[in-house]
């Protein structure tokens, strides 16, 4: 009987496209394919264009509220329920932000004031545009490192000395004489900037231009819906990139830890060159900085470990960084460590805000390429953390809006002397653990930073740089602990471990940008290699069932008489065609091409024998040659190809299946296909695999392996009966 799926298609006629399903009772099911209605893509595109270009008050309102999500959720803010958690988490994050902002300025190669600007503006803008309630957006060590590498390179090209630690001309710590303080003895005409501009002025100019371009890239990615780019950054690539960059950050801070002055290395191999310079100048270490660093690291690590161990008992994390900074600043100020021991200090940090300035267009052209990986990394970290928090706390985010949010967190602050930002994992975890409920906590954090900007910044004048380096290094604990996870990662997946090692090594030993690119390319190559040499096997039947499994993996499987069942666990396309054929011939122990050639030669020698020629061309006797060329007796009469793991076929794949169909047919061996998905079936039909008008489709294509095996067994038995009768 036949079972047909009923589909309401109006008066549209549907050709019969059926897949044969046989069972032991000889019942036949015909599964009819649904007819695809052809879609006029031009009409669809025009309709979407008309809809998107139309402007109505309702649509305009929705656009504004989508662009500024704060307009949707803030009117529904439950003050009594949310305010306490938001205030507490905002205060804690603000307290953490201040020392980290000052410390990460070392990574970016900029003055601490610019890090504070970045933290302030990023929190305000994300409050307005972000859709995640819990992520903390601001300065991030990896982003700061990438900015700093570009700044250092451009400073070198402009002729500045990276090790120029001349005292700043901030005067009394105000910003009223900024134009004079930013002008030194350098009279530059660099990248179209025809003005007197000192090292600090040029450095922040590079950073703001880089940040602006990165933000533009992110907004364009949002407009063109290019968020899928983040899919190519696997977890192994991101972890390897973060670990390799952490090693670079650690290396860059060692000179501050021990108080030596070495040239800041640039370009490829910076990590190795820096360590060589460190060991060459180790004798010049400042013992005051060494002792201070040892004490600070011991205090910070101990406090972090205790905090991790008893975090379930603490309502909020200990503000260890702030305590260390306050105590170290007091000790440095009253002990006059800079004057007596020549310990390097942060210097004057001004109060107030510098007037906004448009980033230089000519500098944007210089850093346009560098901004691309910066934009991608910033977006990926922000979206991944947003999705993690949304999943944990059961709400949804809009990835495209997150791209807009982080893009404008870069574009707008770049006019206010800020550099690139991203969501940071450590501060996000602190935020969630301290009771954060909504984005209001970001505003509270911004107010704490604003308080420092307006009143407290000059108090950090005597803060030693080695203390800041200690804070940075201790913050890398999470990334550096990834080395402990290598054995477990290797046990789970060896290929992913290899990707992690390659990405980490390239990021640390070459450069962060190239390391990221190497990781992406290598992970893609691993996927290609996996599909080029996939697992292939012959299947056996589980006794008394209709299931078939790998002969090499399971015991006590029974083989089907005169039938070979071959499984290929990958798409069949041009890159793995040869491997498919070699595996098939090896596992079935039969190469149809060689066997066909042997049979032809055997028939040819038989013709010579009939003519009475008892000598062959190779000088052997006909009897010996005939014995060598006796055709091999095939131990199977049917080949069933399990296509359940073949997700698609290209033209080469279809031609390969047609080739084996023809070659095995010449040896009187039938080739049957089982478990094909609709995409594979369509490719076979378009390629003419089933013959004209797909007339033999029901005899060549089966819904399951078990349907194909009895079908061929019955045909083979009938063939044997007919052959035996004829011989009799």
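Note that Cβ sites are derived from N, Cα and C of the backbone, with glycine treated the same way.
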Among ranges 320-349, 470-499, 500-529, 530-559, whichever one TrEMBL labels transmembrane segment: 500-529
Paired segments the transmembrane segment (363-383) and the transmembrane segment (124-147) in contact, 3+ CB pairs under 8 A: yes
Result, the transmembrane segment (82-104) in contact with the transmembrane segment (201-220) (3+ CB pairs under 8 Å): no
Among 124-147, 240-258, 438-456, 500-529, stretch most in contact with the transmembrane segment (404-426) (C-beta, under 8 angstroms): 124-147
Within-chain partners of the transmembrane segment (500-529) [C-beta distance under 8 Å, separation at least 6 from its ends]: 142, 145-146, 149, 232-234, 236-237, 239-241, 243-245, 247-248, 267-272, 370, 373, 376-377, 482, 486, 489, 575
